[in-house]
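In TrEMBL this protein carries:
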| type | residues | note |
| --- | --- | --- |
| TRANSMEM | B:12-32 | transmembrane segment |
| TRANSMEM | B:41-59 | transmembrane segment |
| TRANSMEM | B:65-84 | transmembrane segment |
| TRANSMEM | B:96-114 | transmembrane segment |
| TRANSMEM | B:141-158 | transmembrane segment |
| TRANSMEM | B:187-205 | transmembrane segment |
Amino acid sequence: MFIETRQLTKKFGGLVAVNEVDFTIEKGKINAIIGPNGAGKSTFFNLVSGSYTPSSGQVFYKGKDITKLPPNKIATLGVARTFQTTNLFEQSTVLDNVIVGHRLRTRSNLLDAVLRTKRYKLEEKKCRDKAMEVLDFVELTHVRGELAVNISQEEKKRVAFALALATDPEVVFLDEPTAGINPGETEGLAALMEKMVKRGITVCLIEHKMKMIMKLADKIMVLNYGEKIAEGTSEEIMNNQAVIEAYLGGDASA
Amino acid sequence: MDILTQQLFNGLTIGSVYSLVALGLTLVYGILHIPNFAHGALYMLGAYITLTLMLLWGIHYWIAMAVSVLVVGLLGVLMDRLVFHPLRNAPPIHDKIAAIGMLLFLEAFAQLIWGADYRTMTTPYGQVINLFGTTATMQRVLINIGAIAVMILLYLFLKKTYIGATIIAMAQNREGAHLVGINTNKVAMLTFMISGGLAAIAASLSAPINLVFPGMGHLVILKAFVIIILGGMGSIPGAILGGYILGFTESLGATYISNDYKDLIAFLLLVIILSIRPKGLFSREGF
Amino acid sequence: MGAYLKKRGWMIGFILLAVVFPFLSQNDYFLHVLTLAFIWMIAVYGLNLLAGYTGYLSLAHAGFFAIGAYALGLLTVKAGLNYWIALVLACVITSAIGFVVGLVALRTREHFFAIYTLCVGYIIYLVIDKWDSLTGGVRGLIGIPAPTAIGPISFETPLSQYYLILFFLLATILIMYRIIHSLTGRTFIAIRNSEDLAQTIGISTMKNKLLVFVLSTFFAGLAGALYASFIRFIGPDIGYITIIFDFLTYLLVGGLGTLAGPIVGTFLIVSVSQSLQFLQDYRMLIFGPLLTILIIFYPRGIAGAYLDFRMKRQARKKKSVPSKQTSYVQQSQEDEEKRVKEG
């Protein structure tokens, strides 16, 4: 098992946002989580990436229980994520925004920085090279010198991908990666996700754009009111009665 | 005379003043999520305006106070329009610095107009009266009655009038309030008006038993912050309760622990609270 | 080399000017004012690292300044320690207290952090003011020695003190420069941007915030200790909240989160204050609104406005020469240049 959740539950006061969800994320595949608005998708993401602590249940990563680990420790283990809104430092260049992404693989500290030790120089270069590499991967080399404030929405999404990739992850969680961009750009990002999988990085994403998901995802889980109502390949999901009801009955935001 | 009853009465008096100041602060925080560091300056100005009206034109205490409430209230509105409104979408560090800038300006302004001297305010209520076996000046009694009357009026205003209800609605959910057609700008201005007015009342009531000087707002505002953290930022009952708790603690602490360090009590209380609950005693976050 | 000069021109200019100033003006009074300004700059750099680069507005730093000053004063006057040992200890003591305060304070955020630190600052002031037997209370602490001579160099004259404190200031700037332009500095900036994001890219936010807090109190303490041995007399006033407001004004005017900000802001405000001597106590009539107006219209101060201006100019230049293929080497040189601008 690559990533597995067991009876994962999160309550806010009396409200159950995620209710006893069992889910496995398969290595080297594109895994998707869909569901109507307010179905608990983002909460589920936050639980797996450590941003929230679950009320009950567990999360396993490569057989290791990571339920109680803080997000930064989870990131070190090789789990990266993006947010719906991309918080970039706008007065800084794209490259600069990405360099810090590899910080977790370095050890140089304050003294190294002040004394400019060999380790500092080595690691500065390592992070810079990593940033160049991932920017090349997300096809942003041409804008790496631009200030983050001046790049397009789609490019910002790619920077967010790059930042996540700079942490050398084995799995990347993408929170609505294509929200707010046009169909053409969406396809570009979908291709990028496939490229990531080819590189051996597992992808797990939340998405609203059904058409794209059905084409892209190898495995889909559907959440509704915090509960898993279906899981499987896109054909299985499309023919699932519970899913059809959830989408027709509720707010079909597909 | 029983020291304990005397001190309890003192605590009640101090607590009344604290509660009024904290109420103004918590109202603004509840609506706009701004910790208004300049609130102490409004308090100070409230005292000076009342004092000046009384000394210069011999205006009666109560009328002077009413004018002061109006002037300081309007100053609060001005502050909202000129400073906090333009900063509503800025990073959180900005409105705090802006508030500090206004605090500095208003204090320097007071010093320019009225000088740095400590002044006393004499009211027609200096006589000593006997109350349930303890003696107190009429002024101290008035502080308590006045403060409680104001609190009741405020409560009725917020609960029983439509405008009051809009304030409550906006404190609970700004966007929601906007969606149901509440003019959030107007409500913000009104809140600043009330907040400034409360500070002016508190200052005018307590000035006769304290001194009036440009830095008089410093300690009071710091303690008001402690109170609203104690009572929950934005909570109205919390501000009142917290004010009295601090008033009693201080007055008892001054008698039984040390008069020198009585001001420390509030801050130590805060340090302890925030050490245990970093988001305040009654944080609404995380539902 | 040309680029190097352009990039750090202001810094080299400042150093040269500061070094030759005593030869240009024999006025002891100016020397005194400038030395004091250098001390403020050190403290403001400390504050800048925390508020400007990490996004935590600490209002306790006047308190830490006072702790540094009193630690040095008490260690030399009452314990009779050697000045240099006392100086080191003063910084260590301030940082240690900073560590303890930070441990608790940094669990809070935004408003709570500001209010918490404001109260901590006030507690420090009150303790100094009331703990008569140790600090001398309102009477203050007198007879603090000047730095003792190192070999043949003595620090009795105003001129030698000027250079000593300039030395500390330059060391501070160098350290700040190196921190900010390193992975450690990037880590701080990432925290300022978004703590959630910083955590998910594997940064331990608490550890880093604590590091910044301790560092910034270290510089506040250093400035305080230097102040004590320069003025030779200290009272509780140096820990009062008005001092932190002064620091903030210097920082805001100069530019929050810029490397040049503390120098520009402090120098400007101090010199304007000198020419507005008659204003003295009323200087806040001007600086108060200035602070407010700046934060509304130019939140990054003078240095920030300058950087924005240069950025825009460069963006225009780029647009007028479209799609010129640059080689990798050229591009990375440009990257390097842009990287520095942030500081």
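All positions are counted from 1 along the displayed chain.
Quick reminder: no glycine exception, Cβ is built from N, Cα and C everywhere.
These numbers come from a predicted model, not from an experiment.
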Per Cβ pairs under 8 Å, the stretch of B:12-32, B:96-114, B:187-205 packing most closely against the transmembrane segment (B:65-84): B:187-205
Contact call for the transmembrane segment (B:187-205) against the transmembrane segment (B:12-32), three or more Cβ pairs under 8 Å: yes
Recorded stretch, among B:41-59, B:96-114, B:141-158, maximising Cβ pairs under 8 Å relative to the transmembrane segment (B:12-32): B:141-158
Cβ contacts under 8 Å made by the transmembrane segment (B:96-114) with residues that lie 6+ beyond its boundaries: 34-38, 40-42, 44-45, 48, 52, 79, 83-84, 87, 214-215, 217
